[in-house]
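Colleague: Submitted below is the structure of interest, expressed as structure tokens.
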Amino acid sequence: MAESMLILRMCSIILVLGFSEAKMEIITSKPDVLLGENAMLLCKAGGEGDITWQKDGEDAEDDQVEKVDETSSKLFIRNAKIEDAGRYTCLCEFDTGHRDYVSYAIFVYEPPSFGQTPTNHEFLEGQDVVITCVVTGKPAVEVNWERDHQKLHSDGRITRLKDNSLQINNISRKDRGSYTCEAKIKDRPIFKKHVISIFVNVPPTVKIHEEVKKVMAGPETNVSLSCLVEGVPQPNIIWTIPDSSDESRYKYNSDKSELIISSVVRSDYGEYICTAKNKIAESSAMIMLDVSEHPVAVLSQEKMKVEPGQTLSVSCNVSGHPMPALQWVRKTNNDHLLTVDTGGGRVRMEDGYVLVVDNVTSSDGGLYSCMAISPAGNASTDFSLQTWPGKASQVSGTPGPTSVHFTLGASLVDGGSPITHFTLQWKTGRENNWQERVIQSTDPLVITDLIPYTSYSVRFAPRNHLGQGGFSDELTVRTQGIRGEVLTRVVKLKREPDSPILVASEGRFEGNMFSIPLTQLDCGGSPIIHYIVRYRVNKMDEDWRVKDLPSNSTVINLHDLQCKSDYHMEVLAVNSYGSSSPAKLNFNVPQPVAKMNKGGMAKGAVASIVMLIFLVLLIAVDATCCYTNRCGMLMFLAVKLFGQKVPGMKTVEEGDGTCNGKTSPIGDPATEV
Ligand SMILES: *[C@@H]1O[C@H](CO)[C@@H](O)[C@H](O)[C@H]1NC(C)=O
Ligand SMILES: *[C@@H]1O[C@H](CO)[C@@H](O)[C@H](O)[C@H]1NC(C)=O
Ligand SMILES: *[C@@H]1O[C@H](CO)[C@@H](O)[C@H](O)[C@H]1NC(C)=O
Ligand SMILES: *[C@@H]1O[C@H](CO)[C@@H](O)[C@H](O)[C@H]1NC(C)=O
Ligand SMILES: *[C@@H]1O[C@H](CO)[C@@H](O)[C@H](O)[C@H]1NC(C)=O
Ligand SMILES: *[C@@H]1O[C@H](CO)[C@@H](O)[C@H](O)[C@H]1NC(C)=O
């Protein structure tokens, strides 16, 4: 204990010795004193002495100073004022006789303050703006600007104004962010920071791809209208729709920048306005939606049945957008389209959409089309006009032995409905009423079962399911016979020849020879090669006798026939297509009147002629005698008959003659003796 006391004492002695020999000091908390605060300076002299205080060379006020003990003193600064700043000196007159002092500088300040300086700004892009930083503080304040912890340097666009404000010209979006205004007490490490947020707004802009959008109305057509919007803050988009009666038709994407209309209809056309709006401003753009509609043509009837002479009236309404033009066309058989001339007269257009045809004729029948023509496309609807068929023209008739074949020089007018039947009519010259037969249109146009070698009037009329057209002009034809009159010849299909013609009444017998003319009217379009003649006694089991005649034969001669027999003969004409059906003839060979050979015939004839001449001479002589001499047989007859003598007349003797005499026909075997 005694030892430790000793050490402490020695230490304090060394300390005291040390101070006295080292230096004085002023101890205080800090050199910077806030305005209005209190501060205390403690001066330790390090030895005993008389301690006094001075400020900037002037003695301090007594009430500021307080003696602590022989080696230290305090100076109080109460409610510090700016003027209290200065150099404070502590002086000491040591008991040892020497003097010393120590000084200490005190700063009094008013802290920097930003007052009402705003902490955020909103600007519009492109503006020239000033960001103020209003700072108070004493004795003097320095201001610096920082952005993102870096000192902000002035460049051409950003400048520091004298009042410490920051000016930014043509501010843009990239200038947005946090700016720091730092205020520092001049030369003192005392500063404050003020953060200012800068917002740069951009007014909305709206861009569109197409000002006019063209679409075709239809259930498959979806249209999307889009609008590109920019701006800060993000603008809201509002669409103005021409016809907003049914909002459910319109769909939008999440930010409403796209408007979608499904199954566009014509009434969707119009102006669609896209408006973008933020707190700065609003802007809009317009899209014109042009909706075309495919044309439609609607007819009042699809089929019209009109009797000839009546009036057709059919209406066609066309619609679409743009409004289509209406045109009537007629479809020909080969699918050509002919524009109907509605220029007036019998065929005309009424009220712009009614087709009127007065006095309808057969040739008006057929397929018509109402066409709607517009830039959006064409549409057409057909209707068929049906009326009676037309009268056939350029008709010719080709007779066969029992038939007349009609040939048409011009095609038939069917009146818009297929011809189903023909009515064929014929009559002979003696008949008043027509005989008729109706045939299918697919059958050959032939009147059959006529009598050969007879003159007929013939005609026909076509018929469709609406009615019967007029009859063709009457033709007079003669069915085939010898030198049959054929009014008109037409080219026929090549075929086997018609039967040759044999006319029984023209047959002649000479003894047991039969000869008959052979006529061939129709060779079937191919020359006759030869004729086949076959004949036999008309009894069963008799053999045929067959002759071949050359094609230029005009007469058939059959020799060596049996007398008093019935014969049957058949003649066939043959061309390269075959043989005709046989022409048939039955004849009876008469009783031979003489030796029916050429010599016998000549003897008989000579005897007859001699006798005839003799008789004629006799009568001539007798007549001469009677006339000149009143004699002879004639005179005798006259006297006998009249009972008196005719004057100048000679009586003739009774005889067998008259004036004419009696002759026998020559060449008639039946009367020849
Ligand atoms: C403003 O800045 C924009 C780019 O941010 C520039 O396009 C425009 O020309 C500038 N305006 C002026 C007046 O300098
Ligand atoms: C149109 O939109 C409807 C419904 O929005 C959809 O079902 C249809 O497939 C779309 N049609 C086309 C052609 O895109
Ligand atoms: C055509 O339109 C008229 C009036 O616009 C109407 O009376 C008529 O019925 C319509 N015809 C057809 C075939 O639609
Ligand atoms: C229709 O035909 C008749 C007689 O053929 C004639 O009198 C009338 O004028 C015609 N009508 C028209 C509109 O052509
Ligand atoms: C419509 O009809 C007109 C006149 O007949 C023709 O020139 C045009 O090519 C047609 N357009 C279409 C799409 O068929
Ligand atoms: C028939 O033709 C032949 C030759 O083929 C000829 O010799 C004959 O005189 C002709 N007959 C008649 C009647 O023309």
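Cβ coordinates come from backbone N, Cα and C, glycine included.
Keep in mind that this is a model prediction, so the values were computed, not measured.
This is the feature table in TrEMBL:
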type	residues	note
DOMAIN	22-90	domain 'Ig-like'
DOMAIN	112-197	domain 'Ig-like'
DOMAIN	204-292	domain 'Ig-like'
DOMAIN	295-386	domain 'Ig-like'
DOMAIN	389-482	domain 'Fibronectin type-III'
DOMAIN	496-592	domain 'Fibronectin type-III'
SIGNAL	1-22	signal peptide
TRANSMEM	605-627	transmembrane segment
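How buried are the listed features, and what sits near them?
Modeller: With helix defined as DSSP H, G or I and strand as E or B, the domain 'Ig-like' (204-292) counts 6 helix, 51 strand, 32 coil.
Mean model confidence for the domain 'Fibronectin type-III' (389-482) is a pLDDT of 90.
Using DSSP to sort the residues of the domain 'Fibronectin type-III' (496-592) gives these counts of helix, strand and coil: 3 helix, 48 strand, 46 coil.
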Colleague: Report the listed stretch (112-197, 295-386, 389-482, 496-592) having the maximum count of Cβ pairs within less than 8 Å of the domain 'Ig-like' (22-90).
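Modeller: Most contacts with the domain 'Ig-like' (22-90): 112-197.
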Colleague: Can you tell me how the residues of the domain 'Fibronectin type-III' (389-482) break down into helix, strand and coil by DSSP?
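Modeller: Split into helix, strand and coil, the domain 'Fibronectin type-III' (389-482) gives 0 helix, 43 strand, 51 coil.
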